[in-house]
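Before any comments, here is the structure.
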Amino acid sequence: MYRSHNCGELRESHINQKVTLSGWVHKTRDKGFVAWVDLRDRYGITQLVFDEDRTSSKLLEQARSLGREFVVQVNGEVIQRASKNPNIPTGNIEVLVEEVIVLNESKTPPFTIEDETDGGEDIRMKYRYLDIRRNPVKENLIFRSKVAIEVRKYLSEEGFIEVETPVLIKSTPEGARDFVVPSRMNEGQFYALPQSPQTFKQLLMVGGLDKYFQIVKCFRDEDLRADRQPEFTQIDCEMAFVEQEDILNAFEGLTKHLLKEIKGVDIESFPRITFDEAMKRFGNDKPDIRFGMEFGELNEVAQHKDFNVFNSAELVVGIAVPGGNSYTRKEIDKLTDWVKRPQVGALGMVYSRCNDDGSFKSSVDKFYDQEDLAKWADVTGAKAGDLICVLSGDQNKVRTQLSALRMELAERLGLRNPEEFAPLWVIDFPLLELDEETGHYHAMHHPFTSPKPGQLELLDSDPGAVRANAYDLVLNGNEIGGGSIRIHDKEIQSTMFKHLGFTPEEAKAQFGFLMDAFQYGAPPHGGIAFGLDRLVAILGGQETIRDFIAFPKNNSGRDVMIDAPAPIDKEQLKELNLKLDI
Ligand code: ASP
């Protein structure tokens with residue numbers, strides 16, 4: 001037997017018991033006549049003592065030969081610890097070792113296995129299995145497992161059935177590039193890895209399964225933005241005979257359950273705002289509502305004076321920065337430089353200080369008097385002591401820029417408290433989105449999303465105005481879930497494909513199977529998918545999803561531990577019969 005107890009469970013109540021422990025040598029301290037070894041496993045650390053007087057000098061010699069991360073088994077007796085360590089649960093006892101067995105030796109690890117390690121990101125990723133021995137990574141993986149279990153518990157209890165869908169499939173458009181897999185048996189043909197199980201879950205509804213979920217890997221070959229993974233996990237869900245309201249209620253239920261079980265947070269009900277309202281109030285379709293600084297549109301009060309920058313702008317919009325009047329001129333200049341960085345792209349920033357005596361001092365005093373500036377304060381909700389920051393220009397651009405500033409300032413002001421949770425639904429998304437480069441419309445969510453009732457007619461006359469039965473669940477400024485009510489009628493689906501630029505032949509070749517299925521009694525249906533990696537990271541109070549994935553890929557999509565992707569050998573390549581000259 002390798003162990004009678006684990007390294008985290010012995011207490012004073014075990015004193016005088018004979019025990020067997022196994023684990024890794026965490027640390028050794030040698031005092032000459034006595035040596036201590038911290039033995040570590042998944043559950044904690046137990047101090048072992050090797051004592052010349054109480055045991056033997058041979059044992060002490062053995063203790064000295066143990067290197068960091070050796071795997072050992074010890075037999076011994078639990079005794080009272082002379083100098084107690086209140087910082088660890090086993091800190092009142094130690095194990096007086098009577099026998100040590102080295103189960104495996106270890107090379108010196110390339111970084112310290114400590115909460116605060118000396119290893120950089122790259123080296124930790126190369127030796128991820130050692131990184132996982134560290135508490136922070138281990139705890140994150142345990143936390144993730146807990147979240148997944150709660151998801152399964154809740155959804156199963158609500159009558160959802162977990163169904164696995166295939167991984168070798170045909171393209172499912174979610175707006176990214178497919179990863180493809182050549183088929184050896186079907187020369188010259190390829191599978192695509194699912195960007196999501198979208199079409200399959202819809203077919204399960206046609207199959208009558210009614211409530212489906214799956215915790216599932218999805219694959220998207222995107223140029224990697226910071227903290228995106230080419231393979232990631234979704235909690236994918238679909239329901240039949242539902243309207244938007246049913247879906248929102250069902251998955252608000254799941255999210256509340258997770259917040260309650262995992263974080264002990266009770267949230268009564270989630271606010272809902274439309275996409276248009278989100279853009280107007282926060283310049284963002286995934287607003288962080290843990291703090292205010294809502295947008296105030298200033299066109300009416302700031303245009304038609306002599307300030308041409310504002311007069312020629314489509315939108316003049318500002319936010320009130322709480323306490324911002326304390327910023328020095330230099331700090332405000334720096335902020336202006338910040339919004340002018342190419343990543344944000346504003347042309348400049350106008351500001352107005354709100355002084356404690358109720359007066360204002362702006363960067364455009366030449367054009368605006370106290371009365372004008374008082375109106376700015378009114379519209380942006382600024383109070384004495386605040387700073388009003390104003391951007392202007394093209395409506396869409398300026399909203400995005402001001403949203404970036406709002407988030408940056410909130411971060412600096414410490415308003416983004418990771419232990420506070422502010423979920424909301426954003427609903428009524430546009431059905432289509434104009435691709436500025438090609439001038440074509442594409443589906444904002446995906447091509448299976450249903451327009452809102454009565455809006456189909458608008459598709460011809462004003463495609464950009466058509467709203468969809470599509471919704472996102474937003475948590476602390478992150479989109480953690482998104483879904484829609486689907487089209488379940490073959491004709492409407494064909495019309496949709498036509499508007500998205502598919503010829504009938506292309507639509508048939510790619511999605512004929514779905515449209516065929518719609519001819520056999522497809523029920524009304526809809527669903528949602530949550531990004532599990534991001535959800536877990538946010539619930540864990542952290543930003544980076546990599547820290548919650550056992551074996552993540554780096555920013556170039558590489559797994560540096562197994563060194564993938566990698567070339568394949570000639571024989572394997574030959575078998576695939578790829579005709580590579582295109
Ligand atoms: N398949 C969608 C996605 O991956 C989610 C959904 O519509 O249910 O974003």
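Each Cβ is built from the backbone N, Cα and C atoms, and glycine gets one as well.
Among the ranges 10-13, 198-201, 362-365, the stretch that TrEMBL annotates as region 'Aspartate' is 198-201. L-aspartate binds Glu174, His445, Arg486 as TrEMBL records it, and from the list Arg128, Arg220, Arg399 the residue named for this site is Arg220. Going through Gln214, Gln229 against TrEMBL, the one listed in the ATP site together with Arg220, Asp221, Glu222, Glu479, Gly531, Leu532, Asp533, Arg534 turns out to be Gln229. Among the binding-site residues Glu174, Glu479, Arg486, Arg534, the residues whose Cβ sits under 6 Å from any atom of ligand 1 are Glu174.
Among the binding-site residues listed here, namely Glu174, Arg220, His445, Arg486, His445 has its C-alpha nearest to that of Glu479 (ATP binding site). When the Cα positions of Arg220, Asp221, Glu222, Gln229, Glu479, Gly531, Leu532, Asp533, Arg534 are compared pair by pair, the longest gap among these ATP-binding residues is 20 Å. Here Arg486 (L-aspartate binding site) comes close to Gln202, Phe448, Thr449, Ser450, His525, Gly526, Gly527: these same-chain residues lie at least six apart in sequence, with C-beta atoms under 8 angstroms from its C-beta.
Sequence-distant contacts (6 or more apart, same chain, Cβ under 8 Å) of His445 (L-aspartate binding site) comprise Phe429, Leu431, Ala468, Ala470, Gly482, Gly483, Ser484.
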